[in-house]
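Trainee: From TrEMBL, for reference:
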- 1-313: domain 'DNA-directed DNA polymerase X' (DOMAIN)
- 50-69: domain 'Helix-hairpin-helix DNA-binding motif class 1' (DOMAIN)
- 90-109: domain 'Helix-hairpin-helix DNA-binding motif class 1' (DOMAIN)
- 125-144: domain 'Helix-hairpin-helix DNA-binding motif class 1' (DOMAIN)
- 337-415: domain 'Polymerase/histidinol phosphatase N-terminal' (DOMAIN)
């Protein structure tokens, strides 16, 4: 999105000003970057209303920079700094253990500018000798690079790319040149990361339609432009294939280009076993097409129940569809609540009222407000007194907006497994979401015992982001997840499915593995801004990919029924 691109520029300017030693300018740019990410609308609309100064942190100097970027697509001050510091901050910041100060030290001392030059410095053991680093830091950086590289630099997180993909789809529809515009591929299957985008279109105006796509604001360059397929490089950083499909084959094409490859191979083999032929044009018996206008016809003609896109990974879904034994997986429309979000009272970017108002506008029936507890200093966690004040504010705003709110906390599990707030404070909470963030041990039993002690305390309702992974920067914690799961079931503690893109935790494969255990799942966006609230959709996508039915997800309950469940 435009806001995110501009926020990234100001974030880099903050890093570069920190290298320069200009602390106050660095803080100013960091603040405006955070506020841009939290805006509820496109900044270009605010610019048109001449209201840029109403954005917190935007004074005259920053206003001019925003205006220049909107008008010219560049910021001169940024370009000058970038010439001086040609550093790939975006990639380096994804390496766990590297903040602006360490990136600056590596650049000044070793001219490290990107991942490759960082690897070279590690291979030559140059980092260990730097002040503030040492051999342990050097070794940890190498591990962090391996985690980053395992994601693949050619892939991007769907949760980050989805707004642009959806905006591109909506734009193509508004041109009036396309009769149908459908996003297929791994985006439609809601994979946590994607390597490209597939769009299928039908159009009776094929001569005019290509230019509308190629010349759109989403495209950086054209790779190939043919009669039936156009391939472009997107400004997102990945490629996109747009295919023109005949209307009577759109169902077959959608099935084929949605994938996955393994699912399609299995499906084609099934067709062959029935004396049929399946391809992107339709399902054929001899030369006669027997299905192709819609996907339901394809699956039905093969004797299968319809298989939802999120399930198409060749992991047993075809066998289940043969037996008409697929679960009725949860639909996003059935999600009534978001059970994990933050405000600027801890590490969020928007006020309590703004978050509640946007949640209500988004169609939710209620939410849990879960700011961090005091031990998580980096997130400006709240102590008992501050929570008491915040909860009073929640009651007042909730009443005024006629929007129910569970007074909650994302509660730190301390080193010894004890909880970060006193019992009297926890008893005032409606929803306690316990989390492990810091002082994680390499020892499996130590970590597991710590979590289990918190679960058995009797004061927590859910376990947040249970594996602790951060995609591209941190491996999952070393824990005995099966033991944790058993204790959650015994103590009626929910497992969270966290939709924040970098977390996506629990992962869908684990969700599917444990879905029959009796545990209940709680979905949360982990939103830190208004725009983050959309991540509840990605938590739902994980639930769908994990084959979850609505009755296993507490967000499908009314507030009254959720309270009854938690009171057991």
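Counting begins at 1 with the first residue displayed.
Cβ coordinates come from backbone N, Cα and C, glycine included.
Could you tell me the structural context for the features on the list?
Mentor: Residues of the same chain lying 6 or more positions beyond the ends of the domain 'Helix-hairpin-helix DNA-binding motif class 1' (50-69) and with a Cβ under 8 Å from any Cβ of it are 6, 9-10, 28-29, 31-32, 35-36, 39, 43, 75-78.
Nonlocal intrachain contacts for the domain 'Helix-hairpin-helix DNA-binding motif class 1' (90-109), taken as residues 6+ away from its ends with a CB within less than 8 angstroms of a stretch CB, comprise 8, 12, 14-15, 18-19, 26, 115, 118, 121, 127, 130-133, 137, 140-141, 144-145, 147-148, 153, 470, 472-474.
For the domain 'Helix-hairpin-helix DNA-binding motif class 1' (125-144), same-chain residues at least 6 beyond its ends with a Cβ under 8 Å from one of its own Cβ atoms are 95-98, 102, 105-106, 109-110, 118-119, 473-474.
The average pLDDT computed for the domain 'Polymerase/histidinol phosphatase N-terminal' (337-415) is 94.
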